[in-house]
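Okay, so here's the structure we're looking at.
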Amino acid sequence: MELVRATEAAAIRAVPFIGRGNKNAADKAAVDAMRKFLATVEFQGEVVIGEGEKDEAPMLFNGEIVGNGTGPLCDVAVDPIDGTSLTAAGRQNALSVIAVADRGSMYNPKDVFYMEKIVAGPAGRGVIDLSRPIGDNIRDLAKALDKDVEDMTIAVLDRPRHEQLIADIRASGAGTELLLDGDVAGGINAALQTGRLDMCVGIGGTPEGVITACAIKGLGGVMQTRLYPRNEQERQAALDAGHDLDRILTQDDLVTTDNTFFVCTGVTDGGLVKGVNRERDHITTDSVVLRARSGTFRRVTAVHRADKWLRDDE
Ligand code: VTB
Ligand code: MG
Ligand code: MG
C-alpha cells in the first residue's frame, strides 16, 4: 500500500508539465519524485523494468536498487509516466505506474522493445489465442461474454503498423477504440468487467507488457504476448540475449509469482483513474492498487495539502 505514495508523488510532480510541450521534463520530474518516495518504502527492490529506454527518456535504471533496504526482496517495474507525450500535450490517459513482485519473478525483456499483445478479462481465459486471427478471437470472446460481436469494443494503439489489424477488427463487426498512447491502461480497462472495452490488442512496449501482466494477474484476466523485433538487427540482438521469439508468453510467464502488486495514479484524466486535481489548498489524487494474491482491487483517493507540495524540499 505504501507504494501508492510513490505513484501519487510522481503524478503530482508531473502536473506543472501538463500541456507544456516538454515530455522529457515531465518524465524527469516524475522519475525524481518516484525515486525519492520509493526510498522510504520498506522493501528491497531491484528495478527490472525501468522503461524509458526505447523512448530515450529519463528513467530509473535497470539494476537500480530501490526501497529503504529492509523488508522483502522484490523485482520492480516502473513507468513513472506512461503517456509522456499525452502529458506534454495536455491529453487524457497519462498515468504513473509501479508493479512489484517477488525477486526473480519478472521477465527481463532485455534488448527487445516491442511485443505483440492480446489482453482480455476473466471471460477470455481458455478462449483468446494470440496465434489465431483477430476476427476469430473477437467472435469467441463475444460468445464467452454472451454479447453480439457488434457490441464488442477493441482497444488498439493508433499506429501505422496497426492499419491491417484495425481493418480486420472492423471487418469482424466489432468497433475500435484507438489509443494515442498508453496500452497499460488499455489492457487494464479491457480486463475490467465494467466499462466498454472488451479486449486490447496490438504491438506495444515490452516494459509495458510486463507491467500490464502484474495488473492482469490481479484482475484474473488473460494476456498473451510474443516478442516483436522490428528488424534484422533487433532480431539478432534478441536471439543473442537468449530470447525465444516464437514463444507465447502469458501473464504467468511475464510474472511467475502470484505475489504481485500493481499501483497506478492518474496524471491526466482517464478511463481508469482521474488525473491530479488541484483545488485551492488541496491536491486530490486517484489511484488503483491491485494485489494478485488476494485479487483485491482498491481505489485510493488521497487529499494532499498543497503547501507541502509547493515546497521543493518535501
Ligand atoms: C506503448 C504505450 C506507451 O509506447 O506501449 C508504446 O503504452 C508503444 O510504442 O504509452 P510506440 O509509442 O513507439 O508505438 C508508449 O507509447 C510510450 O511509452
Ligand atoms: Mg511507457
Ligand atoms: Mg514512461
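Using the three backbone atoms N, Cα and C, a Cβ is placed for every residue, glycine included.
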From Gly50, Gly205, Gly218, the one annotated by TrEMBL with Asp82, Gly83, Thr84, Tyr114, Arg159, Pro160, Arg161, Asp181, Gly182, Asp183 for substrate: Gly205
Which of Glu208, Glu232, Glu234 belongs with Asp79, Asp82 in the Mn(2+) 2 site listed by TrEMBL: Glu208
Candidates Arg159, Arg161, Gly205 (binding-site residues) - the one closest to Asp79 (Mn(2+) 2 binding site) by CA: Gly205
In sequence order, those binding-site residues of Asp27, Glu51, Asp79, Thr84, Arg161 whose CB lies under 6 Å from ligand 1: none
Asp82 (Mn(2+) 2 binding site) and Gly205 (substrate binding site), distance between Cα atoms, whole Å: 10
Position of peak Cβ density within 10 Å, selected from the binding-site residues Asp27, Glu51, Asp79, Asp82, Glu208: Asp79
Binding-site residues whose CB lies under 6 angstroms from ligand 3, from Arg159, Arg161, Gly182, Gly205: none
Output field, Mn(2+) 2 shell: CB within 8 Å of site CB centroid, site Asp79, Asp82, Glu208 dropped: Glu51, Ile81, Gly83, Leu95, Val97, Gly182, Asp183, Val184, Gly205, Pro207, Ile211
Distance check against Thr84 (substrate binding site) for the binding-site residues Asp27, Glu51, Glu208, keeping those with Cα within 10 Å: Asp27
